[in-house]
Amino acid sequence: MNFSATPASSPAQRTRSERGWGRSSQTFEPWLPKVLLQTVDLGLLGVLFLAPLFLGGRHDLGRLVLVVLIALVAIAWHVGQALVKEAVTSSKLVNALAIGAALVVLLQIVPLPPSWISVIAPRHAELLPSEVGFVVPPWRTLSLTPASTETSLAMIVAYGLLCTTVLQRLRSVADVELLLKAIGVASLSMAVLGLLQYFFSNGKFLWFYEVVNRTTQHYASGSFTNRNHFAHFLVLGLAPIITGLLLAWKSPKGASSGRSLRARTGSQQSNWQVAGLLIAVALIGFAIFLTMSRGGVIALAASLLVTMILCYRARLLGTEQLLGIAILIAVLFGMLTAHGYERVSGRLDLLANSSIDAVDSQSARRDIWAANLSAIESGGLAGAGAGSHASIYPVYMNSPHEVCFTHAENGYLQIATECGYLGVCLLVVAFLAVCFYSFRALRYAPDSRHFVLAGCTIAGLAASAVHSLFDFVWYIPACAAMTLLLLTCLVRLSQLHVQSACTTPASNAYRNASHWFGQIAVTALAGGWVVMTMWGPGWAAVPWNNYLIASHARGLEVQKRLGSKTEAERDLIDEALQMHDATMISKLQHVVQHDSRHAEAHLRLAKLYLRKFDALQQASDNQIYAEGIRDAAIASKFETQEALVTWLKLAVGENTRWLLRANAHIRYALRLNPLLGEGYLVLGQVCYLNGHGDEAVSALADQALRVRPYSGKVLYSVGRQELLSGNWDRTLELWTTAFAIAGPHQQHIITHLTAQLPAQIFCETFHPDWKSLSAVEKAYRNLTRPEDLTALANYATEMRPPAEGLLMRQWLRLSILQRDAGLIESSLKTLQFAIKEYPYAYELRACLARDLVTDKRFTEAEPLLRWCSLQRPDDARTARAIDRMTEARLARKPSAGTH
């Protein structure tokens with residue numbers, strides 16, 4: 001893959017730096033600088049090829065691999081520089097940006113006086129009032145999640161080391177060109193991996209690693225858990241390949257090709273090179289489209305637009321090139337036609353739709369963006385802390401979704417949310433710097449080759465900037481690392497285009513030997529701290545993923561238990577649930593063993609310990625559960641902690657240890673992250689162990705609502721607590737709000753209230769939607785009260801939106817509900833209306849045909865039955881309906897003897 005259309009600089013024209021470390025290190029061990037340089041280059045290849053295999057670096061083990069590679073590269077480079085005493089120029093602006101980013105995040109985790117906190121971060125007083133000081137001491141940092149902010153700082157320092165080191169490593173245009181080649185090959189190799197994994201998928205990533213709620217079967221994703229990020233990774237490497245293709249296409253073939261063997265050989269090599277690059281572009285494009293990622297396609301369009309404009313300016317687009325591009329598009333279209341065209345075109349059609357509702361059908365992005373805007377408005381100067389998004393956005397998201405938004409689906413908004421106005425100012429400076437380097441690299445490019453090399457880096461950066469408008473690609477280490485490598489290539493090209501030399505005089509280096517020692521010391525300390533910071537989270541990532549798998553499996557067992565019909569079946573499921581609980585406890589213990597600052601793991605471990613306590617108590621003679629123990633302990637008003645523990649051991653024996661463990665873990669979790677709303681409710685079950693009474697329980701419930709005002713789980717739990725206290729009005733208020741939020745708590749509310757409330761009152765109070773109406777209907781069917789089914793049918797009929805259609809299964813559910821309630825005519829009209837929206841839905845037509853036969857409307861049923869029998873001739877239910885219609889018609893015919 002040769003990017004060059006012209007030969008590189010001659011050896012006589014190259015500086016000592018460009019010739020490498022080998023010649024200038026003869027006074028030292030001659031092999032050591034070469035080994036260190038090779039270590040640097042291998043480490044950079046590891047950043048591009050190895051680290052992305054760990055789920056794109058989004059997996060904490062992948063982050064660990066990435067920072068280890070970066071630390072190795074940085075230390076090896078600076079030691080090598082010290083040996084040859086050769087200082088390569090860097091960029092003061094890039095260094096300043098890296099240091100500024102680190103300082104902004106460092107400010108968020110440095111303990112500050114309370115008076116400073118109240119001015120810089122006034123939101124802290126609202127979210128963490130003095131009423132919960134017995135749980136969360138006065139908060140001393142700007143970050144509300146300091147543990148996550150510290151890991152974010154480690155990643156920022158690692159990225160800074162990567163930029164500054166690579167910027168020095170790129171000593172010539174030839175070095176820049178080699179790095180761009182590596183970026184293109186990394187993109188191509190990931191595309192090939194993604195295609196192989198897609199066409200030969202077993203559902204697991206890299207064919208062996210399972211991720212909860214993620215699969216590799218439905219679209220190409222490579223080693224990335226998110227198809228958008230996979231597409232972005234490919235887009236970043238595509239521009240260098242296209243640039244290399246156009247340069248190779250324009251390379252002189254030689255006028256003497258018929259007479260010179262060398263000329264003929266060169267021409268043949270160039271042709272093969274062009275063919276190979278065309279195949280690479282086709283494979284990457286094919287993989288991008290098979291991601292079904294609309295954001296990836298937009299990023300691709302941005303990259304191609306910039307690339308084509310700059311290549312046109314460089315006069316690299318002629319008739320031959322345009323013809324080749326047309327052929328390439330035709331080949332790509334043929335590949336898509338052979339596989340996946342309908343799905344791809346269906347996704348892309350939404351981009352052409354002028355309605356944002358079509359693009360963002362569930363308004364998830366709009367809701368999370370609105371929540372981030374509210375968080376930014378309240379965040380002040382420094383934000384909530386880098387890495388805090390998953391904890392801070394629920395405070396403001398008044399339209400919650402069942403999924404957890406770990407990121408803001410917009411890189412700009414997330415930076416503003418987490419780093420406040422300081423982060424926004426730094427981002428603006430960074431963008432201005434990119435514009436400055438882009439202008440300078442293009443303005444002073446000595447020839448078309450240098451011009452388009454700069455252009456391909458700008459194209460990748462443009463794709464990153466555009467894609468970040470509706471995704472969080474900057475927060476994916478594999479994508480971020482590649483973007484920063486493109487940026488360093490751009491900066492270096494800008495410098496090389498305006499400077500003739502890249503090194504300072506050797507005498508200057510020798511005059512200040514302490515410079516080298518200080519540089520190595522700072523790099524080693526920074527790299528070592530980064531690795532140590534990411535070490536625990538990295539090794540905790542695998543057991544955490546295993547915990548999530550076990551938790552998901554347990555959830556499936558719970559669903560099975562709800563539908564179980566026999567006691568024996570329920571006993572088997574209960575045994576499976578206990579096994580899953582044991583596995584989850586074991587995995588979480590491994591997580592906190594490796595990463596003691598994993599707040600979510602401590603919270604879930606505390607909940608599991610309480611569940612374990614209740615399970616053991618259920619099997620004991622004294623069946624009193626955690627809440628009952630709490631109420632009894634608070635009522636007893638023990639004077640000392642020792643007296644309380646003694647009473648507990650008498651009451652529940654050895655099971656006391658589970659309560660004590662839960663208390664320790666939940667208190668620590670809330671000190672790590674005071675925004676864990678559910679954590680306050682868990683602590684409310686064991687707060688008596690810390691000498692607190694009913695007032696603390698109420699204060700903890702209020703605090704849970706303060707930090708999670710729109711959490712269905714929290715609203716339901718607090719409402720249940722109010723119900724036990726006899727406050728029915730408050731319970732109804734909380735549960736009404738909770739029921740409007742999708743989640744498992746809806747089933748709990750249905751279970752609690754359907755036996756007590758008529759269906760009409762339940763619907764008027766809680767307003768179930770189509771998704772929750774199914775569970776409500778099932779609960780009332782079990783009560784066998786006909787008036788409830790009639791009320792549900794009337795409610796569902798009125799709920800049907802007149803303008804927008806329902807899903808097919810919702811139409812069927814409404815029709816069946818109306819029919820069972822005796823509203824036959826309404827049921828038939830519902831099916832007829834549904835068929836207008838889904839004219840080829842077999843289930844709708846078959847159901848309507850059977851109902852018409854039952855209603856003896858044979859004339860209307862006959863064409864439907866004929867259509868159904870042609871579509872599915874083996875459908876027994878349709879065949880029986882035809883037989884019934886035939887028998888009924890024969891029975892109505894008068895015999896011949898009556899005339």
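Every residue number used here counts from 1 along the chain in the order it is shown.
Even glycines carry a Cβ here, placed using N, Cα and C.
What TrEMBL annotates here:
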{"type": "COMPBIAS", "residues": "1-14", "note": "compositional bias 'Polar residues'"}
{"type": "DOMAIN", "residues": "279-427", "note": "domain 'O-antigen ligase-related'"}
{"type": "REGION", "residues": "1-25", "note": "region 'Disordered'"}
{"type": "TRANSMEM", "residues": "35-55", "note": "transmembrane segment"}
{"type": "TRANSMEM", "residues": "61-80", "note": "transmembrane segment"}
{"type": "TRANSMEM", "residues": "92-110", "note": "transmembrane segment"}
{"type": "TRANSMEM", "residues": "179-200", "note": "transmembrane segment"}
{"type": "TRANSMEM", "residues": "230-249", "note": "transmembrane segment"}
{"type": "TRANSMEM", "residues": "270-290", "note": "transmembrane segment"}
{"type": "TRANSMEM", "residues": "296-315", "note": "transmembrane segment"}
{"type": "TRANSMEM", "residues": "322-341", "note": "transmembrane segment"}
{"type": "TRANSMEM", "residues": "420-439", "note": "transmembrane segment"}
{"type": "TRANSMEM", "residues": "451-469", "note": "transmembrane segment"}
{"type": "TRANSMEM", "residues": "475-495", "note": "transmembrane segment"}
{"type": "TRANSMEM", "residues": "516-536", "note": "transmembrane segment"}
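Each residue of the domain 'O-antigen ligase-related' (279-427) gets a DSSP state, and the totals for helix, strand and coil are 108 helix, 0 strand, 41 coil. Residues 227-228, 230-232, 234-236, 238-239, 242-243, 246, 285, 288-289, 348, 351, 442, 448, 451-452, 455-456, 458-460, 462-467, 470 of the same chain lie 6 or more positions beyond the ends of the transmembrane segment (296-315) yet place their CB under 8 Å from a CB of it.
Only pairs six or more apart in sequence are counted, and the transmembrane segment (230-249) with the transmembrane segment (179-200) gives three or more Cβ pairs under 8 Å, enough to call it a contact. In this model, the domain 'O-antigen ligase-related' (279-427) carries an average pLDDT of 83. Ranked by number of Cβ pairs under 8 Å to the transmembrane segment (179-200), the listed stretches 61-80, 92-110, 420-439, 451-469, 516-536 are led by 451-469.
Remote same-chain residues near the transmembrane segment (35-55) are listed as 20-21, 61-63, 65-66, 69-70, 72-73, 76-77, 79-80, 83, 162, 165-166, 169, 179, 182-183, 186, 189-190, 205-206, 209, 211, 222-225, 233, 477-478, 481-482, 485 (criterion: CB distance under 8 Å, separation of at least six residues from the stretch ends). Listed stretches 61-80, 92-110, 451-469, 475-495 were compared with the transmembrane segment (516-536); the greatest number of C-beta pairs under 8 angstroms is found for 61-80. The stretches the transmembrane segment (61-80) and the transmembrane segment (475-495) meet in space: the count of Cβ pairs below 8 angstroms, excluding pairs fewer than 6 apart in sequence, reaches at least three.
Using a Cβ-Cβ cut-off under 8 Å and counting only residues 6 or more beyond its ends in the same chain, the transmembrane segment (475-495) has close neighbours at 44, 47-48, 51-52, 56-58, 62-63, 66, 89, 91, 94, 155, 159, 162-163, 166-167, 170, 173, 175-176, 179-180, 183, 186, 224, 226, 229, 232-233, 236-237, 407, 411, 414, 434, 437-438, 440-441, 444-445, 450, 453-454, 457-458, 460-461, 464, 502.
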